[in-house]
Amino acid sequence: MTASETGSATARARISGWVKKTDRRFIASTVAFVYGLFAILIVLEQGLGLGTVNSIFGAWRTITFLFAAYALITLALNLHWGYTGMFNIGIAGFMAVGIYTMGMLSTSPDALSGQGLGLPLPIGILGGMIAAALVGLLAAIPALRVSSDYFAIVTLGLSEIIRLAAGSRTLSKWTTNTFGFGTGGGSGMDLPGRPTDSILDTSIGESFAELFVIDPGRIDLLLFEIGGEEVTLVSSSILSDFLWSLIMLLVMAGVYWLVRRIGYSPFGRVLKAIREDELVAQSLGKDTRRFKIKVFMVGCALMGLAGILWQGSQGFANPNSFRPVITFYAFIALIIGGSGSNTGSVVGSLLFVGLLFEGPRQVGAIISARFNLGNAPGTFDGAIAPLADFSFQPFLAYAIDNIAPLQFVLLGVVLIVIIQKRPNGMFGDRTETAAAVNLGKQEGNDE
Amino acid sequence: MSETVETTTDTETTTVDQDAPLRVENLEKRFGGIVAVDDTSFDVQRGTITGLIGPNGAGKSTTFNCITGALNPTGGEVYFQGEKVTGMRPEQIANRGMVRTFQIARALSEMTVLENLMLAPKAQSGETLWRSVMPGARSGVVEQEYEVRERVWETLEFFEIDHLAYEEAGNLSGGQQKLLEMSRAMMTEPEMLLLDEPMAGVNPTLEEKLLDRIHSLREDGYTFLLVEHDMDIIMENCERVLVMHQGKLLADGDPEDIRSNDQVIEAYLGEDI
Amino acid sequence: MIYSLNNVNYLQDEHDLANSMASSQWLPGESENPVINAIRGRVLLLLALGVFVTLIIDLIAGLAGVELLEVGGRTLGGDIALDTLIDRLRTGLIVGLIFGLAGIGLSMTYSILNFANFSHGDLFTTGAFTGWGVALLIAGWGAGDAGYLLLARSGTGPNPNEIGASIVASPLAILIGVVVSAVVTVAVALLADRFVYRPMRDREGISLLIASIGVALALRSFIQFVYGPQTRGVTAIEGVQEKNFLGTGMSVDLHQLTLLVVSLALMIGMHLLLQRTKLGKAMRAMADNKDLALVTGIPTERIVRATWILGAGLAGVAGFLYVLERGTMNFNVGWFLLLFIFAGVILGGIGSIYGAIAGGLVIGMVQEVSLIWISSDFNAAAAFAIMILVLLYRPEGIFGGVTTA
C-alpha cells in the first residue's frame, strides 16, 4: 500500500466519520450529495450555459418539493409502523380525506368543479387534519385488534373505498338551499391557490421582488442584462414554487420535531414496547389500545396534512392521485432510511426522490440529449429485433422512451433487495433510546 | 337482584380474608372441547411464597393466564384484594398491583435493559401524549424521568444486572432475561408477583441469586405465586404448595404434606419428590 | 427424551393458544354485562345485517312489483325487472368464477407460505398478456406481423375482428392460449420464488408481504415495458353471441360459456388433486400446521413449489379467461382486481380453496347485484366494505373457517 493510498483511505474515513457524527450533518451531506448530483446531471444533459442555471433550479425545485412531501408522509408512517408496528397501507386514503375535507371547507362555493364553503384556508387545513384523524379513529377502534397482515388489508380496502367515494358521481355535488358540498367526482376538485403565491402578489411581495429585479413589473430573481438583452436566470414560476417548498420544509421540520419528541418520551417508550410485544406492555399495566388509537390518529392527521400540502398545492385534487401506489412509495422511502428512525425517514425520502424517482428520468434525458439514438421504435419487438444483429441502439432508444415503466421495475427490485439484504435500512440498526432524559447513572440533570 | 347478593358476598369475603390478596374460586377454562382448568379454587396468603406445581399440561400456565387477564376464564371467579377481577384486561389487573412474568421470558428485545425498566412504572405523566409533547408540560415529564431513572438504577443494582444496563434485551442470556423480567415487574411496585417458571434456563449461581432476591422481597411484605417445574426449588422455598393435575387442584398444603401425599406421588409417576 | 420433547411442544402450543385467545378477546369498551359486550362489539355487524335484510325485502318486493313504503324519496319495493336481476346474477357468476379461480392460489400461498401475496394480481396479468399474445399469433397467423400479434396488438396492425381470435373462429388458439398463460405464469412465479421468497423463508409475514409488493411493482411495470401501456381489444366478436343455443332459444355468450366450463373443470380438478393425491394431502397438512408437517417429514420445499405451480397456473388462466370474456385488457388489469380477489379469499376463510371459490362467487354477485340499489361507482366499495367487516368480525371467514385446504 502506498502512502497516497493510505492517505486517501484515512481522508475517506475522516469524511465518513464527520458525516456520520450527527444526524444534522448526515442529512446535510445527503442534501448536498443529491442536489450536487442533479446539478452535475443537468450540466451533462444541457452543457454549460445561462439557461442551465434555470434548469438546475428547475430540477432542484422538483426534488425539494417531492422530498418535503415524502418526508412528511414517511415521518407520519414512521410513527405508525416504525414506532408502534402498525402496518398501515392506507396512507393514500388518509391523505385524500385530508385534502377533500380541506377542499369542502375552503374551496369557493362557485368553483368550476367541486364545491366548498369558502372558509379561510387555515380552517380548511385544520379541518382536513381533524377529519383524517377521525377516519383514523373510526378505522382504529375495530381494526387494532386484528393481526398486522389483516390490518394491512383493512387499511388498503379503506383507502380504496375513500378513493372510490371521492371519485363517485353521487358525492360530486350535494347542495341544500343555503350551501353545498361536492368532491367534483371523477373530474376532480378545485382547491384554493397556494397562499405563498398571493404573498408575491401583495405590495410587500412586490417590493420584495423589486429588490432583485432590473425591469420593474417582473419578479424574476437574478435577472441579468447581457448585451442589451434581459436574461432570466431563475424564472418566477420556479421561485414561487420554491417559496411553497420552503413552507413545506418548515412544516416538515416541525413534524420531525414532534415525532422525535414523541419518540423520546415515556409515551414513545410504550409505543416501542407495543411494537416489540404488546402482551408484555399490557402485563405491565399499559392500556395499549388507548396508546395505539392515539398514535394512529396523530399519524393520520399528519398524513392528511401531508396530502393537503402536497397534492393540495396544485390547485386541484384528483381521485386518481390517491391510488395505493403512493402508499408503497412512502414505504420504500421509509425502508431505505430505516423503519423506526426519524433521521432515516428524512434521508430515505431524499434518496428515494433523488435516486429512484427523479434520477432515472434525468439519466434518460442525458442519454437522449448526448447520444443520437435515432427514432425510438414504437414497440418492444421493434426494439429487440435489431439485437440479433448486435444493434443495441434501437433497444436503448426504446428503453429511454419508456423510462417510466423501467423506473418502476427498478423501484420494485430495490424494495425487494432492501427487504432481503438490509431490512433495517440505513438507520434502523441504531438504538434511539426512548426516554425524555439521558439514562446514564451518573448523569447530571440535563435533558 | 343478583348483583346485590354478590356485593354482599364481596364485602363479607373482604373482611374475612384480609390476609389473602388472591382468591380463586371454581376457576374453569375450556378451549373448545378441552378443559384446561377444571373447577379450581385456592387462595394465596399475604407475605408468603406459594408454589404452584404439576406435571406438564396440568393447567398451571392457563390458570396463570386466567388470573392475570391474558385469558378470559369460562367459569369461576378471581378476586384480588377483595375485588372481583375476573375477565378484566391484563393492564387493569396489573394496575391493581398483581403483576406477572412469563414462562418463556418476554424481554422487549430491541429495547435496552434500561428502557425495559423505564417502561414499567405505573402512572407516568409522560404517558399522556400532550404532556410528552407540549413544551411547558414536558419539564414535569423530565422531572419524573429523573426520579424513575434513580429507581431503575437501584433496581438494576438490587438484581445485579446493572452491568447490562445499556445492552439490548434481546442479547441477554435466558437467565438474564428472567432477571430482567422480574426487575421490570418490580418497577411497577406491585402488591403481588406471579412468576411463571422464573428459574427455567437460569444457571445455578444465578438461581441462587434470584431466590435470595425473592426471599428478601417477601420479607419486605411482597406476596409471591410461583409456577415452577423444579420440585426441589418449590419444596425448599415455599411455605405452601398447590399441586395441579389434569386441570384440577390435586393437593394444597405445606411441603411436608405434599411430599407424603399419595395422589401427588401417583400423579408424578414415582418421580422423586 | 421423547417424552420431554412432547411436553415442550404441548407447552408451546398452550402458550400460543393463550396468546391467540388473548389477542382476540378484547372488544372496544367492555362492560360487565356480556350481552351488552356482544352487542357493542358488533354494532357494525348488526348494522350490516339490517341493511342486508332491508335490501332483500326490497328485492323481493321489487320483483313482485309491490311498493311497500316510501323512505326519503325512495320507495322500498317498486319494480325491479326479473330480467335485470337474472342478468346481474349471470354477470356476477362470471366475475365471481374469475375471483374464485384466482383466489385459490392466493389462499394457498397465504396458508402454506404464510403471507399475503400482493403480486398475485400481476400474475393474473402475466397470464392474460402472454396467453393472449400466443392466442392472437395463432388465430391471426399471416394476417399481421408476428411481433405485433405476439405483443397482443402493440403498435399498428389488423383489428381484433380481422385477427379473429374467438372460441368460434379459432378454438384451438384459445385452448393453446389457456395453456400458455398457465405455463408462463407458473414460470414467472417460480422465478420470483427462487430469487425473492426462498431466501426469506424464515422471515415473518410482513417482510414477505413487502417483498411481494416489490414483485408486484416490478412485474407490472415490466409487462408495461414489453407490451406497452395502452388498453387493447383482443377478441373477435363475430358469432360469439349465440342467439339460439343448441336450439333452446336461449341467448348465450359463448365466451362466458367457455369461461364457465374451463373454470369449473379446473376447480373440480383442484378438488380431486387435493383430496385424492398424496401431494394434495401433504399440502393440506402443511396448510393446517406447518411445524407438524415439518416434523412428520413432509418435503416442504416440494410442497411450496407445488403451491406456486398450482396457484400461479390458476391465476394465469383466470387472467386469460377474464380477458376472453371482457374482450380488452391493459397492464393494470390484475392489480385492479387484486383487492376483490382478496375480498373473496377472506370471505371464504383464508386457507380453504372451497372458501376461496365460494367467497369469490359471493363477491362477484355482491358487486353486480348491488348495482340494483347503488350507483356503479360504489359497487366496488360495497365489496371492499364486506371484506373489511369480515376481517374485523369473522376473520376465519363466513363459512366457518375449517381449514381443509
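First residue shown is number 1, and so on along the chain.
For all residues, glycine too, the Cβ spot is worked out from N, Cα and C.
Sequence-distant neighbours of the transmembrane segment (A:26-44) (same chain, 6+ residues past either end, Cβ-Cβ under 8 Å): 19-20, 52, 55-56, 59-60, 63, 343, 346-347, 350-351, 353-355, 358-359, 362-363, 366, 370. The transmembrane segment annotation in TrEMBL covers A:26-44 (among others).
Residues annotated as transmembrane segment in TrEMBL: A:56-79 (among others).
Summarising the annotation, TrEMBL assigns transmembrane segment to A:86-105 (among others). Sequence-remote contacts of a segment are chain residues at least 6 beyond its ends whose Cβ falls under 8 Å from one of its Cβ atoms, and for the transmembrane segment (A:86-105) they are 73, 76-77, 80, 114-117, 119, 121, 123-125, 127-132, 135-136, 139, 144, 148-149, 151-152, 154-163, 166, 181-183, 189-191, 292, 295-296, 299-301, 303-308, 310-312, 317, 319, 322-324, 326-328, 330-331.
Annotation comment: TrEMBL describes A:117-141 (among others) as transmembrane segment. Remote same-chain residues near the transmembrane segment (A:117-141) are listed as 90, 93-95, 97-109, 154-155, 158, 162, 179, 181, 192, 195, 292-293, 296-305, 307-308 (criterion: CB distance under 8 Å, separation of at least six residues from the stretch ends).
For A:148-166 (among others), the entry in TrEMBL reads transmembrane segment.
What TrEMBL records for A:242-259 (among others) is transmembrane segment.
The annotation transmembrane segment is assigned in TrEMBL to A:295-313 (among others).
Annotation source TrEMBL lists transmembrane segment at A:325-357 (among others).
Annotation comment: TrEMBL describes A:395-419 (among others) as transmembrane segment. Same-chain residues lying 6 or more positions outside the transmembrane segment (A:395-419) and placing a CB less than 8 Å from one of its CB atoms are 328-329, 331-332, 335-336, 356-357, 360-361, 364, 367-368, 373-377, 380, 382-384, 386-387, 425.
Sequence-distant neighbours of the transmembrane segment (A:295-313) (same chain, 6+ residues past either end, Cβ-Cβ under 8 Å): 68-69, 72-73, 75-77, 79-80, 83-84, 86, 88, 91, 94-99, 101-103, 124-125, 128-137, 139-140, 144, 191, 194, 244, 247-248, 251, 255, 262, 271, 321-322. Within the same chain, residues 34-35, 38-39, 41-43, 88, 91, 95, 234, 238, 241-242, 244-245, 248-249, 251-252, 255-256, 259, 262, 295, 298-300, 302-303, 305-306, 309-310, 329-331, 333-334, 337, 339-342, 344-346, 348-350, 352-354, 357-358, 362 sit at least 6 positions outside the transmembrane segment (A:56-79) and bring their C-beta atoms closer than 8 Å to a C-beta of that stretch. Tertiary proximity for the transmembrane segment (A:242-259) is limited to same-chain residues at least six positions away from its ends with a CB under 8 Å from its CB atoms, namely 57, 61, 64-65, 68-69, 71-72, 75-76, 78-79, 194, 196-197, 199-200, 302, 305, 309-310, 313, 342, 346.
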